[in-house]
Amino acid sequence: MNIPLEHILLLSAVLFSIGVLAVITKRHAVVVLMGIELIFNAANLNLVAFSRHDPQLLQGQLFSLFVIVIAAAEAAVALAIVLRVYQHFKTANLSEITSQD
Amino acid sequence: MKEQAALLSEKINAILTGAGSLLPELLLAGFFLLLVTLDLFRSKTIKQLLPWLALTGLFSAFLLQILGGYTSGGVQFLNLLRSDGLARYGGILFSAAGIFTILLSLQSRFLENLKEGKGEYYALILMLVLGLNLMAKSINLIMVFLAIEVVSIASYILTLTLKHEKRAVEAGLKYILYGTLSAGVMLYGMSFFYGFTGSLNYTEGTFWQALLQADYLLVTIATILLFAGFFFKISAAPFHFWVPDVYQGAPMPIVALFSTGPKMAGIIVILRFVAAFSDPAVASYFDDILWFLGIAALATLVIGNFTALWQKTPRRLMAYSSVSHAGFLLMALLAFGANYSSGVLFYLSVLLFMNYGIFLFLQITEENFGVTRLEHFTGLGYKVPFLGVMALLYLLSLTGLPPLAGFMGKLLIFSNVWEAYSSSGQTMLLVLLVAGVLLTGVALFYYIRIPYYLFFKRNYTEENLVISLSNKLLLGFFALPLLVLFFKPDLLLHWIEKLLAQTL
């Protein structure tokens, strides 16, 4: 059950790329948020993987716990804002949301 | 088991002894909780008390940090936070920014008419200042991330204060999408730093020693990823796209806070990070990182100054002006030398007064005279000469012309960059210096457009335009330090140097 570090790093890099790709190509606000969530989780995976080489303090695992909490808080605020946007613009499509000149 | 118990009691002791150095933060957190609790009551008198309570909290944090002497037990808090002179001076600036924000909010009619959410508004300003304080103190990557997120989440909610307006909601969405994206990218970079070094304390020498052993290309990429988050906070290119929209949508006092608070804190975080590059061995090894920072500074300067030329609304003009100041500060951060930190801190202090002054001016003209585009300023300088003269003063200071403190700030940084160039001979610094001087000339063109409309065009409508005494006093108050610091910059510089030299 000893997965080499390279494999985990590769997986996290793939997750990161998928996240960035989703942010760039998708136009729906909620899907963009999902992409950002993937980026956070790529970083989490990295932190936990590296934490294996830091057995005394486990700072990486600790860090990823904080990240999970922060990501949840951010998602809550972001979804509330998306709801507001929907009430005003009747859409959550990013390219249709413009109010000024 | 016994070992763990011993470790636990050791940690608890460290927390208890270190808590003394966190007194300003604890105070702010206490007032935040108090405000949130009191906001639950329906009584009108209590609701009216809230801004004054927030003001009391910020003012006591301000005084505490000016007087100092609260760091009773140890400067360091668990390898996470360090309460040194740099953090203390930063804390003074942040509390001052918080106080000014609340003063501006008390003058604002838009906020007065707000039906709900006033309590949260003031509470979140306290939370934002608390986060800024933590940013300035953090020496650990976990703490940097947490502090930046505290500031960011408070900012997202504050942007949506006027949530019945379309532009505010649009600004909020753009802000949070850019914000979380850059935070995620920064986090990914941080995870690599942890992997290279096995440590999160980025100010320590061993951290950088370990980085010298790591793969060069990967370290460079990780640094660029890390700076995504920092650049977002100081609104530097290429992470400045949120700036004009947020400045357009948020209430004016909050815009003033965004243009100073997070920028100052972000600069202090970057300053702590790049401090390692003052060591020539590290600097020559990671040459590409310095080039990257230099190019980012140059790009920010160019984009900020040139885009500002085409803007038609005062809010957007100030947004790009804020971007250009970020570029200027980045340039200053690369000029390692004798007066390095004090020059940057002096510029930040001057920026605080200039920005609050000009945003108060914009708030008055927008709410009292309905100015939302640059043309609407026409003839206002004749109608209300005091307002016009004050605006001219702030704008000249923002450009960096004598006899105002903005000139001293720019002069200090330019001379620092020149000194750093003559001692190290890096061409990048020379390029930055030349670009900085030339773009200051460009800056004159867009800043001068407001006084041009104010004074050089006449508007023959017979209206009685008045501004309240409290607004006049505040305008004068923000202008006073700009004049004093031009003639006596040493007053502040000596104090900054004294604070920085202190080991506490």
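Backbone N, Cα and C atoms are what each Cβ position is placed from, and that goes for glycine too.
Annotations in TrEMBL come from automatic prediction, not curation.
Feature list (source: TrEMBL):
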{"type": "DOMAIN", "residues": "B:139-425", "note": "domain 'NADH:quinone oxidoreductase/Mrp antiporter transmembrane'"}
{"type": "TRANSMEM", "residues": "B:12-37", "note": "transmembrane segment"}
{"type": "TRANSMEM", "residues": "B:49-67", "note": "transmembrane segment"}
{"type": "TRANSMEM", "residues": "B:87-107", "note": "transmembrane segment"}
{"type": "TRANSMEM", "residues": "B:119-136", "note": "transmembrane segment"}
{"type": "TRANSMEM", "residues": "B:142-163", "note": "transmembrane segment"}
{"type": "TRANSMEM", "residues": "B:175-196", "note": "transmembrane segment"}
{"type": "TRANSMEM", "residues": "B:254-277", "note": "transmembrane segment"}
{"type": "TRANSMEM", "residues": "B:289-310", "note": "transmembrane segment"}
{"type": "TRANSMEM", "residues": "B:317-338", "note": "transmembrane segment"}
{"type": "TRANSMEM", "residues": "B:344-365", "note": "transmembrane segment"}
{"type": "TRANSMEM", "residues": "B:428-448", "note": "transmembrane segment"}
{"type": "TRANSMEM", "residues": "B:469-487", "note": "transmembrane segment"}
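Where the transmembrane segment (B:428-448) meets the stretches B:175-196, B:254-277, B:317-338, the count of C-beta pairs under 8 angstroms peaks at B:317-338.
Below 8 angstroms of C-beta separation, residues 100, 103-104, 107, 349-350, 353-354, 356-357, 360-361, 364, 386-387, 390, 393-394, 397, 402-408 of the same chain, each at least six residues beyond the ends of the transmembrane segment (B:469-487), sit close to that stretch. Count of Cβ pairs under 8 Å against the transmembrane segment (B:49-67): among B:119-136, B:142-163, B:254-277, B:344-365, the largest is for B:119-136.
Within the chain, the transmembrane segment (B:254-277) has long-range Cβ neighbours (under 8 A, six or more residues past its boundaries) at 86-87, 90, 93-94, 97-98, 100-101, 104, 125, 128-129, 131-132, 135-136, 138-139, 144, 147-148, 151, 155, 158-159, 161, 202-203, 207-208, 226-227, 230, 233-235, 246-247, 283, 286, 289-290, 293, 315, 318, 322, 325-326, 329-330, 333-334, 336, 341, 344, 348, 351-352, 355-356, 359-360.
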